[in-house]
Amino acid sequence: MSLPTSPSSDPHGDGDDSLADGVAHRARIRSFVVRAGRMGTGQIKALAELGPRFVLPFEQRPLDTAQVFGRQAPVVLEIGFGMGGATAQIAQTLPDHDFIGCEVHEPGVGALLKLIGEQNIPNIRIFQHDAVEVLEHMIPEGSLAGVHIFFPDPWHKKRHNKRRLIQPPFVARLVRHLAPGGYLHCATDWQPYAEQMLEVLGADPDLVNTAADGAYADKPAYRPLTKFENRGLKLGHGVWDLVFRRK
Ligand SMILES: C[S@@+](CC[C@H](N)C(=O)[O-])C[C@H]1O[C@@H](n2cnc3c(N)ncnc32)[C@H](O)[C@@H]1O
């Protein structure tokens, strides 16, 4: 199993790394910080027993999804599944689709594996790795039926806004990996980020808003309430869904 980026590689948490050769490099700004999290015994057991089958190793070569899932089916990539409750539900709602979930938080990986085991879910595989690298190195261009990004870290502080996933260059890359007609579904409970999403997705020349131009989408029926969404709702936040399609 691949190890997530060590938190010590970015001690200031602002994406600026210095290399040993003394030359300061601006490393890739990451959309996450790996936090130590306590693993429950069920999660540890699931990781040990089901990890070898359902967690895929990060490699710098294209993933053969037909071989991995043992069938030819539309593939949906999810970035940042958290504890995986929504992922497990969606995979069961859409059994004719295969789901690749990326999450760097190990307890979340354990939690989703536990659900996969308890509910006998065959159509999910996991990368415990930065989704940006998984996309770049392992997902063939034009191959994805959909991408789910639910309640991505909002990085509220202005100086951290650069860590947000939904920015023009990354969206352009996501779009290249979608099949024509493939969809990008984002949801957030942070209004300024929702506005940024609408602006960035709306400006991408290869995307079409499935709602009207400049409009948020109704929540698609397949998306259940997520853990972070629930937390946001309790804080009185609104929720905004955006569903765009590749032309
Ligand atoms: C705010 S949580 C939302 C989790 C879940 N989608 C939900 O709604 O409950 C965002 C998650 O995205 C993960 N994440 C952020 N950037 C990521 C990346 N580049 N690759 C993989 N996971 C990432 C974080 O570890 C975190 O668990």
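Backbone N, Cα and C atoms are what each Cβ position is placed from, and that goes for glycine too.
The annotation compositional bias 'Low complexity' is assigned in TrEMBL to 1-10. Residues annotated as region 'Disordered' in TrEMBL: 1-20. Summarising the annotation, TrEMBL assigns S-adenosyl-L-methionine binding site to Glu78, Glu103, Asp130, Asp153. Per TrEMBL, the feature substrate binding site maps to Lys157, Asp189, Thr226, Lys227, Phe228, Glu229. Annotated region 'Interaction with RNA' per TrEMBL: 159-164, in sequence order.
Secondary structure at Asp189 (substrate binding site), taken from DSSP and collapsed to helix, strand or coil, is coil.
When each of the binding-site residues Lys157, Lys227 is scored by how many other Cβ atoms sit within 10 Å of its Cβ, Lys157 comes out lowest.
You'll find the Cα of Thr226 (substrate binding site) roughly 13 Å from the Cα of Asp153 (S-adenosyl-L-methionine binding site).
In the shown protein chains, 17 other C-beta atoms lie within 10 A of the C-beta of Asp153 (S-adenosyl-L-methionine binding site). Put simply, the two farthest-apart Cα atoms among Glu78, Glu103, Asp130, Asp153, the recorded binders of S-adenosyl-L-methionine, are 14 Å from each other. Cα of Asp189 (substrate binding site) to Cα of Glu103 (S-adenosyl-L-methionine binding site): a span of 19 Å.
Cβ neighbours of Glu103 (S-adenosyl-L-methionine binding site) (same chain, under 8 Å, six or more residues apart in sequence): Gly80, Phe81, Gly82, Gly84, Val109, Leu112, Ile126, Phe127, Gln128. Around Glu78 (S-adenosyl-L-methionine binding site), taking its Cβ as the centre, 25 other Cβ atoms fall within 10 Å, counting all chains.
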